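Enquirer: Pasting a structure here, questions to come.
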Amino acid sequence: MRLSTHPTLDRFDAVPAASYRPGHGAVRAWLYLLAVLVVAMVAVGGATRLTGSGLSITEWRPVTGVVPPLDAADWAVEFDKYRDTPQYRILNQGIGLDGFKTLYWWEWGHRLLGRIVGLVFFLPFAWFWARGMLGRRLLLGLLGLGLLGGLQGAIGWIMVASGLQPGMTAVAPLKLALHLTTASLILAGLVWLAAGTRPRALAPAPEPVRVVAGLLPALVLVQIWLGGLVAGSKAGLLYNTWPDMDGVLVPPARVLFDKVPFIENFIDNLALVQFNHRLFAYLVVVVAIAHAIQAARTASGSAAAGRAMGLAALATAQMGLGIATLLLHVPLWAGLAHQVFAMAVLIMATVHARLARGVPAATAPTGAEVPIGLEALAGRGA
């Protein structure tokens, strides 16, 4: 039996949620499946970046690109296209066909997984909508995520195209950070909607807890953006000491701000890019720990306090993993683990923020339910 200083939370948990609709269990499972696929997409994308495979496919063919090279002639054509890229001419001239195939399969797998995510989204979405299983807010949220997913595919190609420009051997860091952050936004949106389909009501957390809980996903997203800049520019290889940066806690201004115009330092100055990622990590962890203490004091024994404590632990562990990755000079396994674990922190922060808002209890109906999907079409024809 759970002891709580907020018995209303237990009472709310015993009654249905107002927003819950029949079939929401299937919808919730589908949303979490999509979230898992997006995390897998981020993981494969990270491996593609860390192995230098992202520029191995030089064309964007959303439909026909699903078919990989099937014979020696097909492979020769694809290899010839890659040998015409700056990355090959500057970095990989010694690579043979077998080495190229390794690069190619990583990028092809990443793109294939993107297509699978699209199918797993749109086919069940159409089915759920047709059966009237999506409430209005959920429907609008899913439509927004669908549009964002389509935009993400275009951003991915724009990112790759930036690495095919003369003199480039990798994609532009700014575009990589945008690609990673957009994927993270999609993940957060899926988890937010899934948490909102909870079948049982939940009382909101105290207002101070709700406010900080709502702030934390935004802070995590900013940190993911900064991490994307570090990954894209390889700034993690510049200073591999901690807590100092090659003997100083804060590099001098002449090092952090040596580019003109000033704004370019935040994207292209590797020292400042790494420093910002370090500094913001400290901020996220401090806010998460302070929030856990706040929740323990104002909502002792509640689920919100437990979630806040779990989030603080995850954020601290992620910072520790980031430090280890830095000290080890960013080996593939550590860099990939750090990127994937960031998604775990974001998921926890998003679920916590959504549930802290509460899920209202169902009340007696005050009027006819608004039909949705095919129910609405049938009603018009009646």
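Cβ from N, Cα, C; glycine included.
The feature transmembrane segment is assigned by Swiss-Prot to 25-45, 112-132, 138-158, 176-196, 211-231, 270-290, 303-323, 327-347. The feature heme binding site is assigned by Swiss-Prot to HIS277, HIS338, with sequence analysis given as support.
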Enquirer: Which sequence positions outside the transmembrane segment (270-290), separated from its termini by at least 6 residues, show Cβ-Cβ distances below 8 Å to it?
Expert: 173, 212, 215-216, 219-220, 222-223, 226-227, 229-230, 233-236, 238-239, 245, 250-251, 255-257, 308, 311-312, 315-316, 318-319, 322
Enquirer: The transmembrane segment (211-231): which same-chain residues, six or more beyond its ends, come within Cβ distance under 8 Å?
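Expert: 46, 49, 173-174, 176-181, 184-185, 188, 205, 267, 273-274, 276-277, 280-281, 283-284, 287-288, 290-291, 294, 304, 308, 311, 315, 335, 338-339, 342, 345-346, 349-350, 352-353, 356-357.
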Enquirer: With a Cβ cut-off under 8 Å, give me the same-chain residues at least six positions beyond the ends of the transmembrane segment (303-323) that come close to it.
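Expert: The answer is 9, 202, 205, 209, 213, 216, 220, 242, 281-282, 284-285, 288-289, 291-292, 294-296, 334, 337-338, 341-342, 344-345, 348-349, 351-352, 355-356.
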Enquirer: Under 8 Å Cβ to Cβ from HIS338 (heme binding site), same chain, six or more residues apart: give me those in sequence order, or none if nothing qualifies.
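Expert: The list for HIS338 (heme binding site) reads GLY227, GLN318, LEU321, GLY322, THR325, given in order along the sequence.
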Enquirer: Count the other Cβ atoms sitting within 10 Å of the Cβ of HIS277 (heme binding site), across every protein chain shown.
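Expert: Looking across every protein chain shown, the total is 22.
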